[in-house]
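Engineer: In case it helps, TrEMBL gives these features for our protein:
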type	residues	note
TRANSMEM	B:6-27	transmembrane segment
TRANSMEM	B:34-54	transmembrane segment
TRANSMEM	B:60-82	transmembrane segment
TRANSMEM	B:94-114	transmembrane segment
TRANSMEM	B:141-158	transmembrane segment
TRANSMEM	B:187-210	transmembrane segment
TRANSMEM	B:222-249	transmembrane segment
TRANSMEM	B:256-277	transmembrane segment
Amino acid sequence: MTSSLLSVRGLKVVVGGRHILHGVDLDVAPVGVTALLGRNGAGKTTTVRGILGLVPRTGSVIYDGLETNGLTTHRIVQRGIGYVPEDRGIFASLTVAENLRLAERDPDPAYDLVHELFPELRQRARQAAGTLSGGQQQMVAIGRTLLNRSNRLVIADEPTKGLAPRVVTEVAVALERAAQAVPILLVEQNLALVRRLADHCAVLADGRTAHAGPAAELLADADKSRTLLGVGRRADTAPAPVAPAAPATGGDH
Amino acid sequence: MSTVVLLSVTGLGLGALYFLVASGLSLIFGLMDVLNFAHGALLSIGAYATWWAASHSFGYPLALLFGTAVGTLASVALELGLIRPLYRRPREQVLATVGVGLAVPALLSAIWGADARTFPVPASLGGTFTLLGATVPVDRLVLIGAALVVLLALKAFLGRTRHGLVVRAGVEDRAMVTALGIDVRRAFTLVFAIGGAAAALAGGLAGLYFGSVDPTQGSSLLIFGFVVVVMGGLGSVSGAAVACVVVGLVQQFANYYSTAGLGDLSVVVLLAALLLVRPSGLTGRLA
Ligand SMILES: Nc1ncnc2c1ncn2[C@@H]1O[C@H](COP(=O)(O)OP(=O)(O)OP(=O)(O)O)[C@@H](O)[C@H]1O
Ligand SMILES: [Mg+2]
C-alpha cells in the first residue's frame, strides 16, 4: 500500500510513565474499511488517540501526505477526519440537535443523510443527549461524522460495543453506507461485522502491530485469528452475525 | 417591615455584585479548570479605572463603560500572556493567578495609596426612594438591574450562539471539543474576556455601592464570589444566580439580627451545610 491515506510508523505512546504503545505500524487504504483489531488492552484506542494527537506520542503519522506530529488535535481533525470515540464522546447536557450542530464543519451539512440513516435523531432533536439510550447516543456519535461530506477519513472506535443486536445492525448499515463515500478506520471486536465491512486489517498485540493484511484472509485462518485475536471459537463459523464481544469495561477515557 | 424590605434590597444588591464576580469565575473554572485567583484583581482594575474616569468628569455611565473595557482588556491580556503559556501546567497556572491577585492590589496602593478613595457618586444615583414604606438607596437598584442584564446576556450567549455552544460543550469535555476540529483555546480567551468584563463591571458598581474604592475590595468580594461558585455548582451560571441571592440575603439578615460579622460566618456555615447535602452544588450543570 504505497498510496495510504493514513500511514503510521513506529507510533509510541507513554502515559503516566507507562509505555503503552511500543511501535505501531498501520496503513489505512484510501477506499473502503480498514479494521484495527486486537484483544482487550492491546492498544487500539491508544493508537487512535495517538493518531488524533489526543495523547502525546512519538513516531510518524502521515495523513494525506502531511506529517501530523506536532499538530494540535483540532488542526489534524480540520483536515477532514470524523471521530467516533470509544466512549461515544456525547455532550450529555446538550440536546441532540446541539451535539450535531457543534460538529458541523461543512457549510452545507448532510442532515438529510443523517436523518435518513437515523430517523430517531430527528424526532429526538430537542432531547438532552444524556437521556438517550446507548444506541441512540452512538447514532449521534456516528451522525456527527456523517454530517461533514468534506471528511476524508472516519475513525470509529468500537462503534457497536455494548449495543443491542438491532442497533448493531443499524450502525452496521450506516457504516456500510458511509464507507461508500469515505474510507473508515474501524476498531471492532465483532468479527462478523469485520468480515462484512473490512477489506484490510491490522492486528495489535501488546502495543505493537502483530499482523497486517487482507481481512478475509485472516478471518479465514482459524488458527491465526485465534492466536492473534483470542477468539474462543472458530471465527469463520461464528453463527450470530451480530453477537457483540464481551463488553469491555474500564479503560474508557 | 421597612427594615425587612431594606435588608432584602441591600442583600440583593450585594448578591448582584457577587453574581458579577461569580459568573465569570464559574465559567472560567468550568471550561478551563483554572481557579482564577486574579479575578479580584480584575474587579479592582475595573473599580479604579471607573473611579479614575469618573473623577475626570466622564459621567458615571461612561466611566463604568471605560472601567469595564479596561478590565476586559486586562483579563484578555492575563489569559494570553500568563494562562495560555502554562496551558499544560495547571499548578503553575494557579500560582500565576495568585501572583497577579497579589501584585495588582500592591500596584494600586503604590500608585493611589492604600487608603480608600472617595468615589464620586452622581446625584441621580446617590438618592433614595420609598418602597413598601422603606427608604431604599437608588444604587441598590442599579446593581440588581446590571446583574439581571448580565445574567440574561450570558444566558442568551450560552444558549443561542455558536461560541456559547462551544463553551457549554467544553465545560463537559474539552478534549472531545477539539476532536470535533474546534480550537477550544479561542473559547478560553472568550470566557476570560466575559469574566473580566463582568468582574470589572462589579468593580465600578462596587465603587458606587460602597462610595469609595480601595485596593483590598477585590479580594474580599472574591471570597464571596468563590462561595457563590461552589454553592451554585462549578460551571453553572444559573446556579451562581440562585446562590448569590441566597448568600446576599443570608449575610444581610444575619449581620442585622445578630452581631455584625456573624453574617459572613453564617455564609460559610451555609456553604458547608450545602456541600454536605449536595456535594456538586445547587445545580451541578451549566446554563
Ligand atoms: N490513561 C492511561 N493510563 C494508564 N494506562 C492506560 C491509559 N490508557 C490506556 N492504558 C493502558 O494501555 C493499554 C492499552 O489500552 P487501550 O485502551 O488502548 O486498549 P484497547 O485495545 O483499546 O482495549 P479495549 O479493546 O479494551 O478497548 C491497557 O493496558 C490500558 O490499561
Ligand atoms: Mg479500546
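The backbone N, Cα and C atoms fix where each Cβ goes, glycine too.
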Engineer: Using a threshold of three or more Cβ pairs below 8 Å, and leaving out pairs closer than 6 in sequence, do the transmembrane segment (B:6-27) and the transmembrane segment (B:222-249) count as in contact?
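Structural biologist: As far as Cβ distances go (cut-off 8 Å, pairs 6 or more apart), the transmembrane segment (B:222-249) and the transmembrane segment (B:6-27) touch.
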Engineer: Which sequence positions outside the transmembrane segment (B:141-158), separated from its termini by at least 6 residues, show Cβ-Cβ distances below 8 Å to it?
Structural biologist: 9, 12-17, 19-20, 23, 125, 164-165, 167-168, 194, 198, 201, 205, 208-209, 237-238, 241, 244, 286-287
Engineer: Count, for each of B:6-27, B:34-54, B:94-114, B:187-210, B:256-277, the Cβ pairs lying under 8 Å from the transmembrane segment (B:60-82), and report the range with the highest count.
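Structural biologist: The stretch with the most contacts is B:187-210.
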Engineer: So which residues does the transmembrane segment (B:187-210) touch in its own chain, when a touch means Cβ under 8 Å and the partner is 6 or more beyond its ends?
Structural biologist: 13-14, 16-17, 20-21, 23-25, 27-28, 31-32, 36, 39-40, 42-51, 54, 60, 63-64, 67-76, 78-80, 83-84, 119, 121, 125, 139-140, 142-143, 146, 150, 154, 157, 163, 166-167, 170, 177, 217-218, 221
